[in-house]
Amino acid sequence: MLKSAVYSILAASLVNAGTIPLGKLSDIDKIGTQTEIFPFLGGSGPYYSFPGDYGISRDLPESCEMKQVQMVGRHGERYPTVSKAKSIMTTWYKLSNYTGQFSGALSFLNDDYEFFIRDTKNLEMETTLANSVNVLNPYTGEMNAKRHARDFLAQYGYMVENQTSFAVFTSNSNRCHDTAQYFIDGLGDKFNISLQTISEAESAGANTLSAHHSCPAWDDDVNDDILKKYDTKYLSGIAKRLNKENKGLNLTSSDANTFFAWCAYEINARGYSDICNIFTKDELVRFSYGQDLETYYQTGPGYDVVRSVGANLFNASVKLLKESEVQDQKVWLSFTHDTDILNYLTTIGIIDDQNNLTAEHVPFMENTFHRSWYVPQGARVYTEKFQCSNDTYVRYVINDAVVPIETCSTGPGFSCEINDFYGYAEKRVAGTDFLKVCNVSSVSNSTELTFFWDWNTKHYNDTLLKQ
């Protein structure tokens, strides 16, 4: 029984509510034991390396010299958004007011369970050492960003050895900014780094890392007719199973769906989640594919607006590659959101856009897109430009794995020869028009992404947003 839970706290405004009382200390033996489910959490759970690495070495090919490195990263592990937290708290309230003794998969709730959202001020925010439920939690966004910085130095440190001053770019989302700052902290005090905070408001127009926010034509509910075809009866199965174990509980399919988010965000905040153990492996697979479907048709190749939106950043990336010999800065690091990265990868063509995902069943052999592989919390997409003898090449590294361009990968380390790459890039953006497709002029006069080139004179420092 969970008599300590107080509905007035849970139902209070998520902005103004106070701290939820603490329960017992987390069981440290469980922390770090659930990594096998990370790929099934739709990108809401902790960072993990891209599983489909094809066995290609991440190292720079022999006798080659790196010329430029670009990185577009997602913010690190975080607490749920306000809207998602409302759903989680609604389900938590139902559990906390259950008057019986919990049995079966929910029996852990009998033992003074401590709800992981202890303070609603943490909603939307990065998980840190300070706000984590357990100080031993290895999955905080803070620690992830600092580990990423150390990995960056190990892989590319020589690129910044003689470049002690350079810029790092972030959207003005608080959690993206925090990730960028923790990354900078992880680099140490050797560098003089200028953190440029770029607006993600629609008024930013094209001069943003978050182009979909500047797109009035963007439809959050696009392709719902396709998504509704997906069989979600497994959710009612979860609810029925738990209700059968606990008479009078009355969980619904909505509660069952909420448990997946609860599982992911609790791991981010605590280091493990007993809620995750209520699912069968089949249920995790079905949920994961549902997330793949939603992403593919609403922020990926299945939505025709996306390719134009992603072209805003991809065009800037290609321009930087072409200017690598004249630019003093050789490393370009940016932090933003998962949607922006998915748009970017869609335009690049890394995500297959030739075979639409089916909503009729869970495909296995035909499914090449897995949302969480590309955008777990703390995701990172590197663009490498390197020279071997007299030839220059480009390749992509996604979450620690080299992911070749399918039609252009005959160079060293399965890279793409530079002129072939530029030709490929032209084809990828042919027919795209971010400004026109999105009707950007209705919200902004900004028609070009310029912050990579004018940061030293404009000094971007937009007000941080709690989102």
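Positions of Cβ are set from backbone N, Cα and C atoms, glycine also.
A quick note: this is a predicted structure, and the numbers were derived from the prediction, not measured.
Per Swiss-Prot, signal peptide is recorded for 1-17.
Among the features that Swiss-Prot reports, active site, nucleophile is placed at HIS75, with the record citing similarity to another entry. Other C-beta atoms found within 10 angstroms of the C-beta of HIS75 (active site, nucleophile) number 28, with every protein chain shown included. In the three-state DSSP assignment, the secondary structure recorded for HIS75 (active site, nucleophile) is coil.
Around ASN97 (N-linked glycosylation site), taking its Cβ as the centre, 13 other Cβ atoms fall within 10 Å, counting all chains. What Swiss-Prot lists as N-linked glycosylation site is ASN97 (among others).
A simple way to gauge crowding: the CB of ASN162 (N-linked glycosylation site) has 7 other CB atoms within 10 angstroms, across all the protein chains here. Annotated N-linked glycosylation site per Swiss-Prot: ASN162 (among others), in sequence order, evidence recorded as sequence analysis.
Annotated N-linked glycosylation site per Swiss-Prot: ASN192 (among others), in sequence order. Long-range Cβ neighbours of ASN192 (N-linked glycosylation site) (same chain, at least 6 residues apart, Cβ-Cβ under 8 Å): THR164, SER165.
In this structure, ASN250 (N-linked glycosylation site) belongs to neither helix nor strand by DSSP; it is coil. Residue environment of ASN250 (N-linked glycosylation site) contains 11 other Cβ atoms, counted within 10 Å of its Cβ in all protein chains. If you look up Swiss-Prot, you'll see ASN250 (among others) marked as N-linked glycosylation site, on the strength of sequence analysis.
Swiss-Prot lists ASN315 (among others) with the feature N-linked glycosylation site. The local packing around ASN315 (N-linked glycosylation site), expressed as other Cβ atoms within 10 Å of its Cβ over all shown chains, amounts to 19.
DSSP gives ASP338 (active site, proton donor) a helix state. The annotation active site, proton donor is assigned in Swiss-Prot to ASP338 on the grounds of similarity to another entry.
The N-linked glycosylation site annotation in Swiss-Prot covers ASN356 (among others). Under the three-state DSSP scheme, ASN356 (N-linked glycosylation site) falls in the coil class. Around ASN356 (N-linked glycosylation site), the C-beta neighbours below 8 angstroms that are at least 6 residues distant in the chain are TYR296, PRO301, GLY302.
Secondary structure at ASN390 (N-linked glycosylation site), as computed by DSSP, is coil. As annotated by Swiss-Prot, N-linked glycosylation site applies to ASN390 (among others).
Under the heading N-linked glycosylation site, Swiss-Prot lists ASN439 (among others), citing sequence analysis as support. Listed in sequence order, the residues of the same chain lying 6 or more apart from ASN439 (N-linked glycosylation site) and placing their CB within less than 8 Å of its CB are CYS215, PRO216, ALA217.
Per Swiss-Prot, the feature N-linked glycosylation site maps to ASN445 (among others). Listed in sequence order, GLY205 are the same-chain residues six or more apart from ASN445 (N-linked glycosylation site) with CB atoms under 8 A from its CB.
Counting every protein chain shown, the Cβ of ASN461 (N-linked glycosylation site) has 12 other Cβ atoms within 10 Å. What Swiss-Prot lists as N-linked glycosylation site is ASN461 (among others).
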Using C-alpha atoms, which one of the recorded positions ASN250, ASN315, ASP338 comes nearest to ASN390 (N-linked glycosylation site)?
-> ASN315
In which DSSP state, out of helix, strand and coil, do we find ASN439 (N-linked glycosylation site)?
-> coil
Residue from ASN250, ASP338, ASN461 whose C-alpha is spatially nearest that of ASN162 (N-linked glycosylation site), among the recorded positions = ASN461
Pull out the recorded positions from the set ASN97, ASN315, ASP338, ASN461 whose C-alpha sits within 10 Å of the C-alpha of HIS75 (active site, nucleophile).
-> ASP338
Count of other CB atoms lying within 10 Å of the CB belonging to ASP338 (active site, proton donor) = 21
If one measures from the C-alpha of ASN461 (N-linked glycosylation site) to the C-alpha of ASP338 (active site, proton donor), what distance in angstrom results, rounded to a whole number?
-> 22
Going by DSSP, give the three-state secondary structure for ASN315 (N-linked glycosylation site).
-> helix
Cα distance (Å, whole number) from ASN315 (N-linked glycosylation site) to ASN97 (N-linked glycosylation site) = 54
